[in-house]
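Per TrEMBL, the features are:
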type	residues	note
DOMAIN	232-360	domain 'Palmitoyltransferase DHHC'
TRANSMEM	79-105	transmembrane segment
TRANSMEM	117-134	transmembrane segment
TRANSMEM	146-163	transmembrane segment
TRANSMEM	278-301	transmembrane segment
TRANSMEM	321-345	transmembrane segment
């Protein structure tokens, strides 16, 4: 292949110059749009897949595919913030619509059950761009000391370090080569039936049966022929393995994770036994760093006012472009910090009651949990051993090999 050639998703050799050629779905879509007709089912998804496959850049051994989800944050975020800094009303409209657009995109990807780098790239680029604006627009005003810049920089480094740890293995259960091969070949499996408390019995048939609920693929066998009566294990028909208690199957990653909490789109990975502590550290460091950066910026552009008052009333913030851009970025950081603060609060409450997000959702679905603190936490009562014991259990996650006690396998 030359630098501008590539093999497309259909296995055919193509060229970058032909990126707008031979797309029947796009031609049909344009024709229906001109004639005011609706698109057939699945046409829009096929068009998006074709466009994503053809967005490539020249490279030595052939054109390299560019992940389309990385482009919007890199391009739209600085442009929108620059436009928002032009006028107060523009800032109000843009900063109000941004969370709505992000939530809509999350709903779209969650419904299609697909992974995306959009949220991870948005988070990382937001950190970098906010730090750039702070150094470029706030520090030159002379009201921020050298030690404060160093402290903010250290906080940013700690956030990235914790985030890199959270991106590591969340505790995937190993899959044997034969099981993985059988999954790809579509070999027959056992179908299952479920009960309300999450314990599942076996039924034998030729075809596999599974159901995706709350980010988890349901399809289990709870009894093993070689186990004595009363000892039950959890069988995942997707991964073809026996898994311990509190483990779950992530339908986005396609793997079973030990003590699965949830699949986090902000790190594009699951949060499980091995990375839950790093996930909490990343959220905590981000909250501290963000609040500190917001405080320094407001003290600089709104002299003589407390940060909370300056956030809502800052005369002269739009008197010059530098102050307007800094103030707009402060509000953007405040919105993101509020959302991350809510996630951190829910996580801390769940840890205090020793319940995972997955277990809370299953308890709500099966109506077996108790709502506490105004519905912020769902107490299942199954693993709750008191505040201190629950936090001791959380702090010891991943520090010892998995236990095979009766509590783990029941």
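Glycine is no exception: its Cβ is also placed from the backbone N, Cα and C atoms.
Note: TrEMBL annotation is automatic and uncurated.
Here the domain 'Palmitoyltransferase DHHC' (232-360) has a mean pLDDT of 91 out of 100. DSSP places the residues of the domain 'Palmitoyltransferase DHHC' (232-360) in helix, strand and coil in these numbers: 68 helix, 18 strand, 43 coil. Residues 118-119, 122, 129, 318, 321, 324-325, 327-329, 331-332, 335, 339 of the same chain sit 6 or more residues outside the transmembrane segment (79-105) yet have a Cβ under 8 Å from a Cβ within it.
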